[in-house]
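The disulfide bond annotation in Swiss-Prot covers CYS21-CYS253, CYS245-CYS251. The annotation N-linked glycosylation site is assigned in Swiss-Prot to ASN12, ASN17. Marked as S-palmitoyl cysteine by Swiss-Prot: CYS293. As annotated by Swiss-Prot, topological domain 'Extracellular' applies to 1-23, 80-104, 169-180, 245-256, with the evidence given as similarity to another entry. Annotation comment: Swiss-Prot describes 50-58, 127-147, 200-217, 279-295 as topological domain 'Cytoplasmic', evidence class similarity to another entry. Under the heading transmembrane segment, Swiss-Prot lists 24-49, 59-79, 105-126, 148-168, 181-199, 218-244, 257-278, citing similarity to another entry as support.
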Amino acid sequence: MRHILNLYENINSTARNNSDCPAVILPEEIFFTVSIVGVLENLMVLLAVAKNKSLQSPMYFFICSLAISDMLGSLYKILENVLIMFRNMGYLEPRGSFESTADDVVDSLFILSLLGSICSLSVIAADRYITIFHALQYHSIVTMHRALVVLTVLWAGCTGSGITIVTFSHHVPTVIAFTALFPLMLAFILCLYVHMFLLARSHARRTSSLPKANMRGAITLTVLLGVFIFCWAPFVLHVLLMTFCPADPYCACYMSLFQVNGVLIMCNAVIDPFIYAFRSPELRVAFKKMVICNW
């Protein structure tokens, strides 16, 4: 969010005066390289699903939704670097109307990436729940039509929320609402998880075992959720500290890691496709076919 980033620049000198922790500055080339890799990897996921009819199922469509979210996060940093480069070359007027509009568009991509990731993980969690505990009715409950409707509503809601957050980003309540979405949605997913694994344990006692493929999907979701929390939580905490205690020495010390937290977000988009490939034999085969055909 432009308001958050500008606020960071304004309080940076104050933070340094109140903390012995120097700001960690990373080369822009690192951000750019990681972002490019993230875009290419997630684009491979989308192409693999698009080219293989065997992968065109609700589960993989939900995975594609998460891949799009990751790709938007990488595109955000690429476009931001391009805007900075043009401004440094004198092609953009600092704080001009075009730059402000471009900043809003880029910031919308960033917010959309976070909201899309949270919502996509929630949908995948619900899909895994139905797969495990309503396996016989799964194909009648989770149809392609319903999956597409859910994804359409999901992205329409995320887009509207993203535009609203960017438009009113200078208001503290908006920042609070933005950061509150993160723990609230994660709480929903974790509650679903606890319920899922408690039922799985109960079912395992009454029956021989749950289908291994279904449990593999649940484990994949667990890994995806863990990586998401690890990569995004530091930034969300940074936003909260920047809003409520920017001059506190301890808060300022943590905020000196601003760029490191940014790299973690970019790394999320790079790690997720490896998780898909490692946990899904079908997707792994599709990746191999794509690589062999290109060679």
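Using the three backbone atoms N, Cα and C, a Cβ is placed for every residue, glycine included.
Structural mapping of features recorded in Swiss-Prot.
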| residue | record | DSSP class |
| --- | --- | --- |
| CYS21 | disulfide bond | coil |
| CYS245 | disulfide bond | coil |
| CYS251 | disulfide bond | helix |
| CYS293 | S-palmitoyl cysteine | helix |
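Within its own chain, the transmembrane segment (59-79) is flanked in space by residues 31-32, 34-36, 38-39, 42-43, 45-46, 49, 102, 105-107, 109-110, 112-114, 116-117, 119-121, 123-124, 127, 131, 144, 147-148, 151, 154-155, 217, 224, 262, 265-266, 268-269, 272-273, 276, 283, which lie at least six positions past its ends and keep a Cβ under 8 Å from the stretch. Comparing Cα positions, CYS21 (disulfide bond) lies closest to CYS251 out of the recorded positions CYS245, CYS251, CYS293.
Counting residues per DSSP class in helix, strand and coil order gives 15 helix, 0 strand, 6 coil for the topological domain 'Cytoplasmic' (127-147). Here the listed stretches are 24-49, 105-126, 148-168, 218-244, 257-278, and the one with the most C-beta pairs under 8 angstroms to the transmembrane segment (181-199) is 105-126. All protein chains considered, the CB of CYS251 (disulfide bond) has 20 other CB atoms within 10 Å. Contact between the transmembrane segment (218-244) and the transmembrane segment (257-278) is supported: at least 3 Cβ pairs lie under 8 Å, counting only residues 6 or more apart in sequence. The stretches the transmembrane segment (24-49) and the transmembrane segment (148-168) are not in mutual contact, being linked by fewer than three Cβ pairs under 8 Å (pairs 6 or more apart in sequence). Between the alpha carbons (Cα) of CYS253 (disulfide bond) and CYS245 (disulfide bond) lies a span of roughly 11 Å. Helix, strand and coil content of the topological domain 'Extracellular' (169-180), in residues and according to DSSP, is 9 helix, 0 strand, 3 coil. Taking the Cβ of CYS245 (disulfide bond) as centre and 10 Å as the limit, one finds 14 other Cβ atoms among all the protein chains shown.
Of all the Cβ atoms in the protein chains shown, 8 others lie within 10 Å of the Cβ of CYS293 (S-palmitoyl cysteine).
Its Cβ placed at the centre, CYS253 (disulfide bond) has 16 other Cβ atoms within 10 Å.
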